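Copied from TrEMBL, the annotated features are:
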ACT_SITE  Cys130  active site, acyl-thioester intermediate
ACT_SITE  His242  active site, proton acceptor
BINDING   Thr11, Gly12, Asn13, Val14, Arg39, Ser40, Ser160, Gly161, Pro182, Asn315  NADP(+) binding site
BINDING   Arg99  phosphate binding site
BINDING   Gln157, Arg235  substrate binding site
DOMAIN    4-119  domain 'Semialdehyde dehydrogenase NAD-binding'
Amino acid sequence: MGFKVAVAGATGNVGREMLNILSERGFPADEVVALASARSQGTEVSFGDRTLKVSNLENYDFSNTDICLMSAGGDVSKKYSPKIGAQGCVVIDNSSAWRYDADVPLIVPEVNPDAITQFTKRNIIANPNCSTAQLVVALKPLHDFAKIKRVVVSTYQSVSGAGKDGMDELFNQTRAVFVADPIENKKFTKRIAFNVIPHIDVFMEDGYTKEEWKVLAETKKMLDPKIKVTCTAVRVPVFIGHSESVNIEFENEISADQARDILREAPGCLVIDKHENGGYITPYECAGEDATYISRIREDATVENGLNIWVVSDNLRKGAALNAIQIAELLINRGLIKPRKQAA
Ligand code: A2P
């Protein structure tokens with residue numbers, strides 16, 4: 001007997017991708033349920049070659065459901081995830097609501113799989129921020145080899161990270177530029193078409209944004225609290241795929257050639273690094289792909305033991321839906337969860 005899985009936020013960018021990936025990977029589910037707000041009740045979403053009718057999260061009974069993949073925003077997670085967990089259903093939560101709670105493991109399976117056992121405290125496992133997920137996949141094998149001291153990250157984040165409304169805004173503004181219509185900003189604070197915006201999420205007291213803070217807090221929680229991280233997070237007019245320019249300072253010696261060899265062998269990483277025109281990855285090429293791509297691996301001669309790398313991944317997949325499903329697979333493969341119908 002297989003598992004019963006609910007996808008909450010199934011009509012959104014990440015929820016739809018979760019359904020695609022569950023179907024693509026042949027996830028061991030007997031039943032998959034699509035949930036969203038009352039607005040979407042009764043509408044249909046694709047699941048492989050079938051469609052699923054959307055139910056209302058608000059009145060859904062989780063007592064028979066084994067796993068809830070939650071991606072309906074922070075406020076919905078704050079309200080529902082503890083209640084769902086209390087009904088014995090394990091929540092894999094894509095929002096930032098629970099990531100920093102000491103009783104909630106924050107997991108990237110290639111990085112800190114062993115931390116998953118702590119999930120029983122609340123029955124919630126947090127999925128990291130999209131920029132952090134791809135970053136730690138690339139940093140982990142390098143940290144194991146030469147011990148990272150400090151990381152400087154600049155992100156180039158696609159509009160799909162801001163949900164379906166973010167993608168619509170880029171599309172509509174781009175069209176408006178060509179037909180000379182007025183440009184409307186709703187989702188973003190400034191025009192995103194043919195522009196870049198150095199502001200994601202809210203401002204904090206120290207002048208950094210919450211998105212920038214998430215990258216450092218989550219890298220420390222998953223990889224090593226001793227690593228110093230600083231970040232500038234920027235929204236760019238790309239539909240899917242986050243890119244990152246990453247400067248890394250190590251305690252021990254590591255050459256660009258060694259880093260290339262290590263990353264070639266590392267789980268979840270794919271190195272595309274030829275010193276020629278087009279010998280690197282761009283976000284357009286990584287949309288729909290699972291890997292974290294690494295290009296432009298170079299030594300930084302301005303510090304001792306420094307490297308620069310370029311990291312790109314599909315933010316809806318490794319940055320969200322894929323990682324959540326890999327967490328569910330990790331739970332199953334380690335025997336940490338059994339289908340409840342069978343257990344009863
Ligand atoms: P709905 O389409 O019914 O509003 P995105 O981040 O791509 O915009 O997607 C957000 C997802 O979260 C959608 O599936 C949306 O459903 C869902 N959602 C938003 N608010 C709620 C809510 N109060 N209860 C359940 N689902 C919600």
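Cβ atoms are placed via backbone N, Cα and C, with glycine included.
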For the domain 'Semialdehyde dehydrogenase NAD-binding' (4-119), mean pLDDT (0 to 100): 97
Residue from Asn13, Arg39, Arg99 whose C-alpha is spatially nearest that of Gln157 (substrate binding site), among the binding-site residues: Asn13
Binding-site residues compared (Thr11, Asn13, Gln157, Ser160) - the one with the fewest other Cβ atoms within 10 Å: Thr11
Where Cys130 (active site, acyl-thioester intermediate) sits in the secondary structure, as DSSP reduces it to three classes: helix
Listed recorded positions adjacent to ligand 1, that is, members of Arg39, Ser160, His242 whose C-beta is under 6 A away: Arg39
Other CB atoms, at most 10 A from the CB of the residue listed as 'active site, acyl-thioester intermediate': 27
Neighbourhood of the residue listed as 'active site, proton acceptor' by C-beta distance under 8 A, where only residues 6 or more apart in the same chain count: Cys130, Ser131, Gln134, Thr155, Tyr156, Gln157, Ser158, Gly161, Pro283, Val312, Ser313, Asn315, Gly319
Integer Cα-Cα distance in angstrom, Arg39 (NADP(+) binding site) to the residue listed as 'phosphate binding site': 28
Spatial separation of Arg99 (phosphate binding site) from Thr11 (NADP(+) binding site) - C-alpha basis, Å: 23
Between Arg235 (substrate binding site) and Asn13 (NADP(+) binding site): CA-CA distance (Å): 17
Residues of the domain 'Semialdehyde dehydrogenase NAD-binding' (4-119) by DSSP state, where helix covers H, G and I: 38 helix, 33 strand, 45 coil
